[in-house]
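Just below is one structure, and these are the notes that go with it.
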Amino acid sequence: MVEAGTRDPLESALLDSRYLVQAKIASGGTSTVYRGLDVRLDRPVALKVMDARYAGDEQFLTRFRLEARAVARLNNRALVAVYDQGKDGRHPFLVMELIEGGTLRELLIERGPMPPHAVVAVLRPVLGGLAAAHRAGLVHRDVKPENILISDDGDVKLADFGLVRAVAAASITSTGVILGTAAYLSPEQVRDGNADPRSDVYSVGVLVYELLTGHTPFTGDSALSIAYQRLDADVPRASAVIDGVPPQFDELVACATARNPADRYADAIAMGADLEAIAEELALPEFRVPAPRNSAQHRSAALYRSRITQQGQLGAKPVHHPTRQLTRQPGDCSEPASGSEPEHEPITGQFAGIAIEEFIWARQHARRMVLVWVSVVLAITGLVASAAWTIGSNLSGLL
């Protein structure tokens, strides 16, 4: 896949007046995935935008809508949720759950082959998601590490259901072209393009081999030569490549990748049951699958955040404060005074050139003068009242 780097013409576009395209995550042969925002619900989303050549292909658009609706009806935490689909101008698009993390391919590149307990931790949700789809009559057709996402919280989810079928229905797709990823195709997909749940089982079997050994079972000079090898050769035993692989995993891969579909597990449900029996027999510990550290999704998120920061810095205006700003330094908040020091310091200094002490004396002097005058007034009032009472009481004698 081609990673996001420079600016893309669709970035900052608003698809269908609702979905803001923020930054490219990765692109492939038929589509580009962006991180985006549903502005109506204020929800982060992943936007898979199909190549513009499909915009006028009614056969593709019809199948694209049907597959999107079918997957949206599935309710399984191991499947990347589909929220919406649409077409904005020259771009059919799919709106999906945004997984903050990376792909299983990126994890394999970072860490290499996995021990059996880690393989089981990956396969459980993958087979669980496929089982839900198989019960609903859906087939993935393109199970591979690139379509298995790992969140930063350790959730493993399967993505891109039905996309191969939609591309196959397009009138621009040449007859006889093998669709899917050559390394993971089942013999029947290579032979005649047919697929059913057992085809997904074959792809998972190849995936198990790759997780245990670090590479796919068939190699060649071209995708076509790799695809055709599985018509005449069985997938080899992983234990022949990596020491310590339990024979139960060899048997799991052999049963999943039998060249005759009738000899395989019937669907993901049957394969999942066998996987659980193996995990119990070997007493494999529980394991949380880590997300890749340097994923395209993480880089896309960092790029978008840096752009937002730059825009904020360029657009920021200085704030004017007409009043004085006081900045408290770390040392300003001192510990309470010890008992040997006075609790209150004497007030010193000046105000308008006059010593503070003079203000204090003046205020105290003014208070004393007020009290003196109040006492004088009260005394005079008392004398007058007393005289009036005396005169009033002797008035009859005088008369």
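The chain as shown is numbered from 1 upward.
Glycine is treated like the rest: Cβ placed from N, Cα and C.
Under the heading topological domain 'Cytoplasmic', Swiss-Prot lists 1-368. Marked as domain 'Protein kinase' by Swiss-Prot: 19-278. Residues or ranges marked as ATP binding site by Swiss-Prot: Ile25, Ala26, Ser27, Gly28, Gly29, Thr30, Ser31, Thr32, Val33, Lys48. The feature region 'Disordered' is assigned by Swiss-Prot to 312-346. What Swiss-Prot records for 369-389 is transmembrane segment.
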Original post:
Tell me, how many other CB atoms lie within 10 A of the CB of Ile25 (ATP binding site), whichever protein chain they belong to?
Top reply: 26
Original post:
What same-chain residues, at least 6 away in sequence, bring their CB to under 8 Å of the CB of Val33 (ATP binding site)?
Top reply: Lys24, Ile25, Ala26, Ser27, Ala46, Leu47, Lys48, Val49
Original post:
Given the model, what does the mean pLDDT over the topological domain 'Cytoplasmic' (1-368) come out as?
Top reply: 85
Subject >> Residues near Ser31 (ATP binding site) in space but at least six apart in sequence (CB under 8 A) >> reply: Lys48, Val49, Met50, Asp51, Leu163
Original post:
Per 10 Å Cβ neighbour count, which of the binding-site residues Ser27, Gly29 ranks highest?
Top reply: Ser27
